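Listed in TrEMBL for this protein:
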- Glu30, Asn34, Asp72, Thr161: ATP binding site (BINDING)
- 601-620: region 'Disordered' (REGION)
Amino acid sequence: MDHRFQVSLRGVIDLLSHHLYSSPGVYVRELLQNATDAIRARQRLEPGHAGTVHLELMEKQDGSPPTLLFTDDGVGLTEDEIHRFLATIGESSKREALEARRNDFIGQFGIGLLSCFMVCDELLLVTRSARGDGRTLEWRGRHDGTYAVRESEHPLAQPGTQVFLVARPDMTDWFNPTRLRSLAGHYGGLLPFPIHLTTDQGRERIDTNGAPWRREFDSASERRKALLAYGRDLFDTDFIDCIPLRSTAGDVDGVAFVLPASPHFNSRQKHRVYLKHMLLSESAENLLPEWAFFVKCVVNANALRPTASRESFYEDEALASAREALGQGLRAYLMELAREDPRALQRLIALHGLSVKALALDDDDFYRLVIHWLPFETSLGMMTLADYRRAHPLVRYTPTMDGFRQIAQVAGAQGLCIINAAYTHDTALLEKLPQVLPDVQVELFSSSDLPQSFEELTLDERDATFPLLRVAERVLAPFRCGAVVKKFFPAEVPTLYSSDAEGAFRRDAERAREESDDLYAGVLDGLMAAAGGEPSQLCFNLHNPVVRRLAAVSDRDLMKLSVEMLYVQALLLGHHPLNAQEMVLLNQGLLGLISAQLGGDPGRGGGEGSGGGGGPRGLH
Ligand SMILES: Nc1ncnc2c1ncn2[C@@H]1O[C@H](COP(=O)(O)OP(=O)(O)OP(=O)(O)O)[C@@H](O)[C@H]1O
């Protein structure tokens, strides 16, 4: 024999209140939504019907919990509908309309009314159907899952529905006039019909003026002013601009506000979204493309689906198309700025460069428009790509921060302008340059390219520095590093260590090898053997006074020690981590220098006894 599932209403309510709804206050939202749906259903039957909602708070003098009466003049329910829709959890009169894709309704799941059981134990619903026999019926539903239906002794004069809620003693906070005013305004502020609230203090109308972006204005500047004021009230932020939004997919419209400060990278903005003019969520994240983190928006959607919690949109094709269309709107705004008001675009880039760069990477037309306005860090300071290209036809960049640090000072002093493309999106943007603008040449630049720009020595200088070069070649050979002497600026830099990408890779692999076990070391050995490329190079700068003196030193041990120390110093200045062998060099070198200064036994070459500090020769 088959049995039926038994569903515990208490369990379901517990589930909804703890896991689906964000606060007990959503009961006002659910009641407003049902009233709105019922009014829309009646408008289908009677097209001229205006519709109105009334909340009446009845506070008791004896201090017992208040009662809220929630009235609408919507379509009402027949007895059959009461049994089908009110008393069956998960049944909704609106589902057929949804399936037929001509849905005006907000509800669809058939669970919204249960949210009232978060704040009261019993619901009394009095209703008269616009389609029925004129009878007024009462449905009394209790949180233990029982209900009763009977004909009411107080018939309603017109079709519509009244819901009575007696506050649970621990939930009276959700029934005070201030709370109700604010909840009704919060959820229903954009509804196209009035909401009235009656309390002990009298009757008032809650401000429901429809969507502000749909209002008529005398001029574009009036409109902008009014919308920015609306944005300020809503988000407590002075936005710098507002952008109209529109998408036929999902039937979405609204306004996007440009943030006055740069948000955290990749932090997605939380948007305020309405569904059929009822507030759905203040923190919807999935409405705009990922790159659009420079705006915060308010929109109303008529044809997107809510999730069951009613706190965001359901991720489906309609939402994806709407997102695409809203993104296009933002792009059109940026394109217009680029064409009409480049200064405003530059201000926006200064604040929201990452958004602009991310969109440019995605979209070639936009890229063409904005790429020259984008600022880049270079070895000669910050400049836009337009400024860069005016002075330097070949675009040269380093893709890493360390790579840039290694060359920036020296390159700058030679007048070489190299872009630091280590910041987010910069390398990808520069690599895209020749694809989108074929006349532009782009080149990777590394420290190994620098010496080519240095001045060669004269024949005399070559002779005079020959001993230094020989010593340096011998000292550096075990480190797979060559030596060269040239002249470059700034003169304070005595040496420059340079290596191409493969050289840098080999250094990394060597360091990893020192720390790895046998198995992994074998793999690294293979990798190191395969790594080709030029050996690294230590370039001595003959403009530097120390190097000039060193070239003239006759004491070979001192010269050797000095070369070792200059090598280690160049590595450190270039942010290259030292390997074990180089650490030994550094330690021994320091000790050697200290003991030479102290006048004791240096323990290794380079002491006074061997003629240290031999006189400079020929290169003063
Ligand atoms: N004020 C009302 N006037 C007319 N019918 C109503 C009213 N309130 C509720 N109903 C009926 O009760 C049904 C169940 O309401 P409930 O709020 O639980 O779910 P829903 O609105 O259909 O969907 P959702 O769970 O998405 O809100 C509705 O489909 C509707 O038929």
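Any Cβ shown, glycine's included, is placed from N, Cα and C.
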By a simple count of other Cβ atoms within 10 Å, which of Glu30, Asp72, the binding-site residues in the record, is least packed? Glu30
For Asp72 (ATP binding site), what is the secondary structure state per DSSP, taken as helix, strand or coil? strand
Cβ-Cβ under 8 Å from Thr161 (ATP binding site), same chain, 6 or more residues apart: which ones? Asn34, Ala35, Ala38, Thr71, Asp72, Gly74, Gly76, Leu77, Leu125, Val126, Thr127, Arg128
Sorted by sequence, non-Glu30, Asn34, Asp72, Thr161 residues with Cβ within 8 Å of centre, ATP: Leu31, Leu32, Gln33, Ala35, Thr36, Asp37, Ala38, Phe70, Gly74, Leu113, Val163
Please classify the secondary structure at Thr161 (ATP binding site) using three-state DSSP. strand
